[in-house]
Amino acid sequence: MAELPIPDLPPARCSGRFTISTLLGVEEGGRGPYTPTEGSSCDSVQPTHLSSSTLCTRTFGYNTVDEVPAYDHYANSKGVGDPRKGRPSLADLHSILKPDPGRLHTPVSDLQQSNGLPEAGLEEAEGEPGRDSVPEPVRFGWVKGVMIRCMLNIWGVILYLRLPWITAQAGIALTWLIILMSVTVTTITGLSISAISTNGKVKSGGTYFLISRSLGPELGGSIGLIFAFANAVAVAMHTVGFAETVRDLLQEHNSLIVDPTNDIRIIGVITVTVLLGISLAGMEWEAKAQILFFLVILVSFINYLVGTVIPATAEKQAKGFFSYRADIFAQNFVPNWRGPEGSFFGLFSIFFPSATGILAGANISGDLKDPAVAIPKGTLMAIFWTTVSYLVLSATIGACVVRDASGSLNDSVAVGSPGCEGLACSFGWNFTACSQQQSCRYGLSNYYQSMSMVSGFGPLITAGIFGATLSSALACLVSAPKVFQCLCKDQLYPLIGFFGKGYGRNSEPIRGYMLTYVIAIGFILIAELNAIAPIISNFFLCSYALINFSCFHASVTNSPGWRPSFRYYSKWAALFGAAVSVVIMFLLTWWAALIAFGIVIFLLGYVLYKKPDVNWGSSMQASSYNMALNYSVGLSEVDEHIKNYRPQCLVLTGPPNFRPALVDFVGTFTKNLSLMLCGNVLIGPRKQKMPESRLMADGHTKWLMKRKIKAFYTDVVAEDLRSGVQMLIQAAGLGKMRPNILVLGYKRNWRTASPQSLEDYVGILHDAFDFKYGVCLMRMKEGLNVSRVLQAHVNPTFEAAEHPKNGTGSKAAPGTADPTALASEQQASTVFQSKQGKKTIDIYWLFDDGGLTLLIPYLLGRKKRWGKCKIRVFVGGQINRMDEERKAIVSLLSKFRLGFHEVHILPDINQKPRPEHIKRFDELIAPFRLNDGFKDEATVNEMRQGCPWKISDEEIDKNRAKSLRQVRLNEILLDYSRDAALIAITPPIGRKGRCPSSLYMAWLETLSQDLRPPIILTRGNQENVLTFYCQ
């Protein structure tokens, strides 16, 4: 810990080992800096001026800036590096403390207990004093909030109307298999939900929140939208199920309101309106209604079980009920397939929707006291008890009721009567006639209301059907707005934010309720949901598949952040659950599965295209890191080959937004091809520049992303430009993904810049060659540095004196300190962003550098904006051998397969330039001449002491031919390439220690001056980058 120097003080008045006291600043009353304050449990120490207003606290019995671990320090934490509440920053602990007696510190956080941990049930922040207290929202435990809600949603009309019929068709054995297969999928999904929901604090949004925060906004957003819509339509489905039951009762008593179809609409609209009123009354009323429905279903189920043990009356026997009989159980144990749906998977597709509904509790995660405990416990318990109820029902009804019965009391016969066939004959009933003619109206295979017939009191089963349908409708009516509200707040899709507004202490999405109500009314009015129901089931299954895949993906990425407190899950079981869910989707309805996948893919594509600015630490991010790491390590094991050579560029951009043309040029030919690294040297004291480095890196990266440049940004702090570039050259890159080309802008102001900056600039070129880098210099007539324009845009009073020097180092410039402003600033347009039309790219391949001078223009020409440009290659030659040399170059280029067919030989490259151009060159180097009069080397070195850039007379004489060649080449460039789109030329190399920096810059200046198109001076490292061999 960082301890504070403390003078002798009275003994500390601390009541416990972990006592923390707030240290107040010096008041005006003349107190000394270490005078104890009244009422404090520990002595105060001198306050310090800390960057985050962190308090000096008394911990473990001595004074320190450090704080003990506390809940508040981790609450609301987001990204890596974000400031935490209450904890001192690294600078507070590590940097020199500056006493500031006049500063009064206020407490950052008051811990609830002496060990810094919050009391159970407390929220992250207390209400501020003086402000009206907000009513505590209603929160539910695992029984009321999850288990009962899930059980009600799982139980449905299939429990009452279809399970007996499925038992008759498939037999008890296969019915149990169907139930257990369905439950296997839901149990695996329940385990996955449990793992995801215990991996961090779960907020509102339910299934959407779990998937989106695990897999990211792309899949999470798409599944959230269709899941909310599926729940809204499910409200209509369950309401219509209730309305049909009521309509059937009205028909039995000849009391139809209008006609069968319109009665469903009328009853459905009235019902969903009442359910909406219950929902709008608040979650507490909705929970009470769910408990009422739960009790009704339990009573109806008990009523059924009691009915199975009551001796059967003659009327019930006529309908096939004979109480528990072993021979009935034996006959119903095996299948008896009937009708078009009489197959295992046909019955499985009918039953499976009754096992769904396990997400009802998770969907109201924001209304639970502790979602991490309630969701796993409640969901798994709901699955267990509903499974038991399904198994018990199929076994009991299969042991009591025969498959076929006439329902006629006249069919009773004496036991053992001749001509009687079937199991009922042994009980005194002859159902042979209707069984053979398949006209029986009763029995498990024919009568859907068998549960009502068996039960002790039939109307209670009808009440149970009402409770099951209404509770499911109510659960979906609550789930849909809650999920949709979270989706609206994330703003992944346009035009839906209006529905995300919350009202009241529970932040109820009233607008979302109304939208769900309208959708439900619309589908109720259709009154025919047979075509919609399979799509809804597929949407739910799609959610199950993604939840399981989320759990598998989070586990397999080995992210340190995946630490669920629920341990009873398996990543391979989750993957199996995801695969089975997809298979079941196609088994249920293949066309509906295709529709569901189509909608998911469309919504996924939209979010991928929009790239929302959210960061949830998803497993997709962890997977991207894993893949990048594995491929990078794997790449290190691969030997390099010329065929796989890629120009990987370290671009000395300084701040990238200062030199957009340089960024665009390199970004054009490296995009989706090779590495591009934008390097920036921050010149100055490390202590002063490090905060700027941390602050600016994010902004520059976002600027590159906004410009659609696929590049990395990195910076170093150095005392001077050259040492900073040396750091970048040596340290940039990772494994085989390391730069092999240094790209920088041409130094236009070399004649007026300080001599040391000139030495550094040329020294950087020498350093690049020393480290086996290729070098690429870019010169444009209007210059590369647009920082002056940017600063003038930000600050109209910007003056020339504030303008950073036109090098690659970055001085602190006004208007660049805000990363957000960097990313949002207006993008400068450059020539490399516009289509070039039918111009030419002229390559002057004067010296063989390994082929880099050819490769970069070739890669540029493959891009759409440069695709129509004709590439011309110019090489030097002798006038008497022009044809032979041209054929040789054409043959070489054809072997390289570059597609360059226009080759020009320059026979006059060694002719003497015009006198006026020679005179201009002499005037250019005149200020840098030593004028030593051809003295000996020792004298020259003594004269040049302190000014190594000076050019001696002997050096001018020795390099005269080379100097005149640059003058002549400039004349040739002006003659042949005045209207080109781009010129690429091999520059001369100045021998290290033998060619002064001013002379070398004079060569580059002379070679590239007065040219309108951009000129690229490219020099490889003399190693092949092109080959015509296939191995």
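Yeah, the Cβs are placed from backbone N, Cα and C, and that goes for glycine too.
The feature transmembrane segment, as given by TrEMBL for the ranges 144-168, 219-243, sits at 219-243.
Beyond the ends of the transmembrane segment (289-310), by six or more residues, the same chain brings 144, 148-149, 151-152, 155, 278, 323-324, 389, 392-393, 396-397, 400, 451, 454-457, 460-461, 463-464, 466-468, 470-471, 474-475 to within a C-beta distance below 8 angstroms of the stretch.
Between the transmembrane segment (264-283) and the transmembrane segment (382-402) there are fewer than 3 Cβ pairs closer than 8 Å, counting only residues 6 or more apart in sequence, so the two stretches are not in contact. As a quick check, the transmembrane segment (457-480) and the transmembrane segment (576-609) miss the bar of 3 or more Cβ pairs under 8 A, pairs 6 or more apart, so the two do not touch.
Only sequence-distant pairs (6 or more apart) were considered; of these, at least three Cβ pairs between the transmembrane segment (382-402) and the transmembrane segment (344-362) are under 8 A, so the stretches are in contact. Here the transmembrane segment (539-556) touches the transmembrane segment (576-609). Their Cβ atoms form 3 or more pairs under 8 Å, with each pair 6 or more residues apart. Residues of the same chain lying 6 or more positions beyond the ends of the transmembrane segment (219-243) and with a Cβ under 8 Å from any Cβ of it are 156-157, 205, 207-208, 211-213, 263-265, 267-268, 271-272, 275, 363, 465-466, 469-470, 472-473, 476-477, 479-481, 483-484, 486-487, 490, 492-493, 515-516, 519-524, 527, 529, 532-533, 535-536, 539-540, 542-543, 546, 596, 599-604, 607, 612, 618. For the domain 'SLC12A transporter C-terminal' (659-799), DSSP puts the residue distribution at 67 helix, 28 strand, 46 coil.
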